[in-house]
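Asker: After the structure tokens below, expect a handful of questions from me.
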Amino acid sequence: MRKIMINFPLASSTWDEKELNAIQRIIDSNMFTMGESVKQYEKDFAEYFGSKYSVMVSSGSTANLLMIAALFFTKKPKFKRGDEVIVPAVSWSTTYFPLQQYGLNVRFVDIDKKTLNIDLDKLKSAITEKTKAILAVNLLGNPNDFDAITKITEGKDIFILEDNCESMGARLNGKQAGTYGLMGTFSSFFSHHIATMEGGCVITDDEELYHILLCIRAHGWTRNLPEFNHITGQKSIDPFEESFKFVLPGYNVRPLEMSGAIGIEQLKKLPSFIEMRRKNATIFKELFSSHPYIDIQQETGESSWFGFALILKESSPITRAELVKKLIEAGIECRPIVTGNFLKNKEVLKFFDYTIAGEVTDAEYIDKHGLFVGNHQIDLSEQIKNLFNILKK
């Protein structure tokens with residue numbers, strides 16, 4: 001089988017000698033478990049995104065898990081089993097799995113194929129008396145219209161959560177995506193805006209939730225809690241007693257100290273990474289905004305452009321399979337738009353308590369006719385022009 005050279009990969013490394021030196025510092029210290037570097041990264045992360053608190057975890061998926069879990073453990077629980085959470089029909093699997101794992105009713109709503117985010121008109125009509133939260137997913141770097149979502153929930157006992165794992169650095173009206181909800185999650189996996197090997201973060205302005213996140217991140221013990229906290233009140237002055245005191249059913253989703261050290265360096269570079277992604281996007285939009293048979297994602301606010309969606313129009317002379325073949329033969333990596341329509345995954349949905357709010361026509365459409373190619377923190381002008389020339393033929 002002929003091996004095709006990759007000319008335009010989905011992602012590329014964001015590291016240089018600064019990250020390698022950070023790793024070496026941790027190796028030299030001989031302290032590999034979560035410590036001062038993680039703590040500093042959390043401080044830097046919260047400051048960068050304008051949030052009071054940040055908790056680093058092992059991945060964006062575990063960030064979602066802790067975000068949902070924490071809402072069951074507040075003094076006045078914000079969730080109970082059976083509560084309804086509205087989600088878009090297009091997202092990554094671990095947006096949904098924590099909802100199932102905690103016995104919540106998942107209510108799927110169609111997306112808008114222009115923005116790839118939840119359809120706002122369908123969201124409004126999807127709300128029921130059981131709805132407790134909207135888990136908004138900012139897809140492929142594109143923030144939701146949170147002004148509209150806030151207006152929809154006005155006067156209702158409904159809070160907003162954000163899965164911002166694909167949209168680090170996106171903004172709406174000058175405010176960072178991930179900070180519009182009660183909590184927001186981020187990913188720093190290799191292919192994302194910054195990379196800490198594996199890694200994720202949860203941010204919040206709520207101190208009680210912050211303390212719960214600290215507790216359930218590491219075994220549900222009190223060891224990492226402040227001396228006075230919202231879970232146990234005043235901790236014992238005896239460190240031996242507090243070292244193995246368990247108060248919540250937690251996990252072990254701690255990050256490595258190495259990941260924290262890398263993250264400190266990566267955050268310094270994030271503004272330039274986002275700037276270059278947006279420069280690439282400007283070229284992409286100029287070339288593809290009037291393409292005869294391809295639609296592109298419509299930007300809301302200031303996208304951080306995780307990747308570039310290519311959605312075939314109904315009048316397209318080629319199928320998606322033919323589009324994929326063209327791209328692969330040209331050495332251009334591509335993949336479906338996240339998972340496509342998640343509702344096609346009947347094998348796993350049999351474990352869910354879920355409802356569907358009407359038709360999911362746009363989710364189905366992008367599932368069959370959409371894909372995306374990568375965007376990077378480096379200049380891709382030649383690759384994007386080449387992509388356009390290939391699809392002009």
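The backbone N, Cα and C atoms fix where each Cβ goes, glycine too.
From Swiss-Prot, for reference:
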- Asn30, Met31, Phe32, Thr33, Arg223, Glu333: GDP-4-dehydro-alpha-D-rhamnose binding site (BINDING)
- 53-73: transmembrane segment (TRANSMEM)
- Gly60, Ser61, Trp92, Glu166, Ser187, Asn252: pyridoxal 5'-phosphate binding site (BINDING)
- His192: active site, proton donor/acceptor (ACT_SITE)
- His219, Arg254: L-glutamate binding site (BINDING)
Asker: Let me make sure I understand the structure: which of the binding-site residues listed (Phe32, Trp92) has the fewest other Cβ atoms within 10 A of its Cβ?
Answerer: Phe32
Asker: Cα-Cα separation of Ser187 (pyridoxal 5'-phosphate binding site) and Met31 (GDP-4-dehydro-alpha-D-rhamnose binding site), in Å?
Answerer: 24
Asker: Among the binding-site residues Glu166, Glu333, which residue has the largest number of other Cβ atoms within 10 Å of its own Cβ?
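Answerer: When each Cβ's neighbours within 10 Å are tallied, Glu166 leads.
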Asker: Of Ser61, Trp92, His192, His219, Asn252, Arg254, which recorded positions come within 10 Å of Asn30 (GDP-4-dehydro-alpha-D-rhamnose binding site), going by C-alpha to C-alpha distance?
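Answerer: Cα within 10 Å of Asn30 (GDP-4-dehydro-alpha-D-rhamnose binding site): none.
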Asker: Looking only at His192, His219, Arg223, Arg254, the recorded positions on record, which one has the least crowded Cβ, with the fewest other Cβ atoms within 10 Å?
Answerer: Arg223
Asker: Between the Cα atoms of the residue listed as 'active site, proton donor/acceptor' and Thr33 (GDP-4-dehydro-alpha-D-rhamnose binding site), find the distance and write it as a whole number of Å.
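Answerer: The Cα atom of the residue listed as 'active site, proton donor/acceptor' is 23 Å away from the Cα atom of Thr33 (GDP-4-dehydro-alpha-D-rhamnose binding site).
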Asker: Have a look at the binding-site residues Met31, Phe32, His219, Glu333 and say which one has the shortest Cα distance to Trp92 (pyridoxal 5'-phosphate binding site).
Answerer: Glu333
Asker: For Asn30, Thr33, listed as binding-site residues, tell me which one has the smallest number of other Cβ atoms within 10 Å.
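Answerer: It is Asn30 that, of the binding-site residues Asn30, Thr33, has the fewest other Cβ atoms within 10 Å.
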Asker: Cβ-Cβ under 8 Å from Asn252 (pyridoxal 5'-phosphate binding site), same chain, 6 or more residues apart: which ones?
Answerer: Arg217, Ala218, His219
Asker: Write down the Cα-Cα distance for Arg254 (L-glutamate binding site) and Ser61 (pyridoxal 5'-phosphate binding site), rounded and given in Å.
Answerer: 13
Asker: Please name which of the binding-site residues listed here, Gly60, Glu166, Arg254, is nearest in space to Thr33 (GDP-4-dehydro-alpha-D-rhamnose binding site), Cα against Cα.
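Answerer: Nearest in space to Thr33 (GDP-4-dehydro-alpha-D-rhamnose binding site), counting only the binding-site residues, is Arg254.
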